[in-house]
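**Student:** This is the structure, below, for whatever I ask next.
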């Protein structure tokens, strides 16, 4: 499981680099699909990953407000900050917990730990696919989505 | 590993349904990003998945030609046909083979089985993210990318 998270982090960092080349106006421009703008999508990826890990841990959602992080550098810093916590959780996680039930507070639903982790993995790759279309529209080079050839 | 493949197949089938609502002209229209058109992207997903499984099995690549499958129904049929083989391979696959080396013929590179399987999983989710942007541009409803709430 950790390897797919590491893949996502590697790809995410490469997108932070690529999007460093465009203006804040372009980063914040509303676009069709996804959660709106490039920056909102990056923020959403970072936010959702940490939120779900907190759900598994039974800890409160940090609930960051996008308006407090509306620049590429701030989202990048938030990503780095949350990653320490997420990586710590995942390096101690084993597949024995795959089927462990998780009941998020405030809902009637239950999931399993493995289900949530796969959800988080797919969530980021999906949104990155959206970013890749927007990047091409802006004439930027797209970060490769390859899992192979990354030493993972 | 199988669960993420099953997720991809479920999502793929839902996209086949959604794209059944638009004309062949729209399906074939060249778009920015990805591998070009909606239909080429769906074909590419199906093609690449089977190709990599064949690489692991040490069997020849079927190498279907897009021109022979340039309709939604034909790509859907190809997807169903290949899935039988891919699913058969995966249901017999165990994590003990994760680190098994794979050397595709005609290259100097080597991968591991687990690396290739994760690559195939990420490959489809990434391209589906692109499809979701194009679908929104066409006013279609996007298939949910959720892994949760699918009974997987």
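Using N, Cα and C of the backbone, Cβ positions are placed for all residues, glycine too.
Curation plays no part in TrEMBL annotations; they are all automatic predictions.
Values in this document were obtained by computation on a predicted structure and should not be read as measured data.
Quick paste of what TrEMBL says about this protein:
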type    : residues           : note
BINDING : B:44, B:123, B:127 : divalent metal cation binding site
**Student:** Near residue B:127 (divalent metal cation binding site), which residues of its chain come within a Cβ-Cβ distance under 8 Å, counting only those 6 or more away in sequence?
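**Tutor:** For residue B:127 (divalent metal cation binding site), the qualifying residues are B:34, B:35, B:41, B:44, B:45.
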**Student:** I want the residues beyond B:44, B:123, B:127 whose C-beta is within 8 angstroms of the mean position of the divalent metal cation site's C-beta atoms, in chain order.
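**Tutor:** For the divalent metal cation site the neighbour list reads B:34, B:35, B:41, B:45, B:48, B:124, B:126.
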**Student:** Which site among B:44, B:123 has the most other CB atoms no more than 10 Å from its CB, taking these as binding-site residues?
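**Tutor:** Going through B:44, B:123 one by one, the largest Cβ count within 10 Å is at B:123.
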**Student:** Using a Cβ-Cβ cut-off below 8 Å, which of the binding-site residues B:44, B:123, B:127 are near chain A?
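**Tutor:** Answer, by Cβ distance to chain A: B:123, B:127.
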